[in-house]
Amino acid sequence: MFVNTVIAFIIIFGTLVFFHELGHLLLAQRAGILCREFAIGFGPKIFSFKKNETVYTIRLLPVGGFVRMAGEDPEMIEVKPGYTVGLLFNKEDQVEKVIINQKEKYPDALVIEVETADLEHDMKITGYEQGKEDELSSFTVSETSFFIVDGEEVQIAPYNRQFGSKPVWQRIKAIAAGPIMNFILAYVILVMLGLIQGVPSNEPMLGQLTDNGRAAEAGLKEGDYIQSINGEKMRSWTDIVSAVKENPEKEMDVAVKRDNKTLHISVTPEAVKDENKKTIGRFGSYAPTEKGVLSAVAYGATSTVDVTKAILTNLSKLVTGQFKLDMLSGPVGIYDMTDQVAKTGIVNLFQFAAFLSINLGIVNLLPIPALDGGRLLFLFIEAIRGKPINREKEAFVVFIGVAFLMLLMLVVTWNDIQRLFL
């Protein structure tokens with residue numbers, strides 16, 4: 001069971017992160033931004049392959065992911081005056097590769113001492129060839145050229161391929177696409193569940209009965225149409241639930257229409273405690289379901305909206321103090337919930353995945369620096385001001401945001417450990 005839970009956790013969390021980052025990747029590529037890496041997880045690489053311009057990687061720690069876009073790189077490679085570099089050329093006599101070190105491994109490279117280098121706008125390098133130190137040469141650099149550092153290729157990004165070069169509305173779309181993709185994923189999962197298992201209906205009928213439940217023991221069957229309970233007409237499934245809850249361990253006269261006949265069956269609901277410790281009745285029947293494309297589409301939409309509202313309500317309670325910080329869950333808590341839900345069946349596991357996907361989308365839209373919501377806030381401010389925020393100031397605010405998130409992660413992880421193991 002432990003192995004099954006680990007696999008389920010990795011698949012669910014990995015899928016949510018994959019689609020989130022896929023949203024960023026697709027919109028960034030559509031805007032013409034060079035995406036250097038698409039990563040699932042953080043830390044050391046476990047697996048990687050390159051397709052077109054992007055390296056796709058799976059990393060050791062399954063706690064998130066990222067899309068590394070040109071212009072946002074923390075390790076920018078610079079070619080400054082006085083540097084000695086090697087140049088390799090394509091068939092059009094444009095520089096195809098700029099060799100930063102280990103030039104001895106490339107005997108065909110033209111070695112120059114750099115005088116000037118503009119690898120963002122003009123795409124030119126000037127310098128002095130060895131043996132021609134009195135003659136300044138100029139070289140055009142291809143827009144699809146590479147640096148070679150320690151034997152590895154790093155694509156050079158002209159300014160028009162960098163994140164910051166794009167209109168603010170394109171950058172907003174690239175950042176917002178991640179959380180939006182999580183909402184789309186949740187909606188698709190819920191629609192699929194609606195198509196496969198049916199959509200809950202409010203008709204006054206019985207759905208699937210639980211084994212050894214009071215309804216099954218009394219002789220009720222799935223599909224029975226409940227006309228009345230104790231003489232009171234039942235107009236909906238909601239009416240049935242209310243009547244059953246009000247009669248714990250009390251015999252009820254249930255009028256049932258079955259095969260065009262009316263039957264009277266006595267049922268005594270089991271007494272159970274609800275979430276508020278109040279005693280209510282339960283007789284072991286699920287809500288009826290109906291199948292159809294339109295009903296599944298509507299179910300996906302309404303369920304996505306309902307879950308979103310519930311999460312936002314809890315977030316507002318967290319701000320007002322009605323919802324305590326120690327009630328939040330981190331990766332450890334989510335793992336435990338995955339374990340509990342996995343035991344109840346694959347359908348509930350998919351519903352849980354949809355809930356987590358919406359949760360991930362909402363959390364990432366919070367205006368906290370280092371999250372997508374924080375980046376969107378900076379971009380909206382830029383759109384209003386007409387110019388970007390100072391990069392150093394933005395970097396400082398993002399650093400504070402990262403520190404806050406790390407602290408929050410430690411707190412919720414400690415809460416999970418205390419709640420589950422101590």
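Placed from the backbone N, Cα and C atoms, the Cβ positions cover glycine too.
Database features (Swiss-Prot):
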type: ACT_SITE; residues: E21; note: active site
type: BINDING; residues: H20, H24; note: Zn(2+) binding site
type: DOMAIN; residues: 186-271; note: domain 'PDZ'
type: TRANSMEM; residues: 6-26; note: transmembrane segment
type: TRANSMEM; residues: 175-195; note: transmembrane segment
type: TRANSMEM; residues: 346-366; note: transmembrane segment
type: TRANSMEM; residues: 394-414; note: transmembrane segment
- Message: Please give me the CB contact count at 10 A for H20 (Zn(2+) binding site), counting all chains in the structure.
- Response: 27
- Task: Determine the minimum-neighbour residue: among E21, H24, listed as recorded positions, which Cβ has the fewest other Cβ atoms within 10 angstroms?
- Result: E21
- Message: Looking only at the domain 'PDZ' (186-271), how are its residues distributed among DSSP helix, strand and coil?
- Response: 26 helix, 27 strand, 33 coil
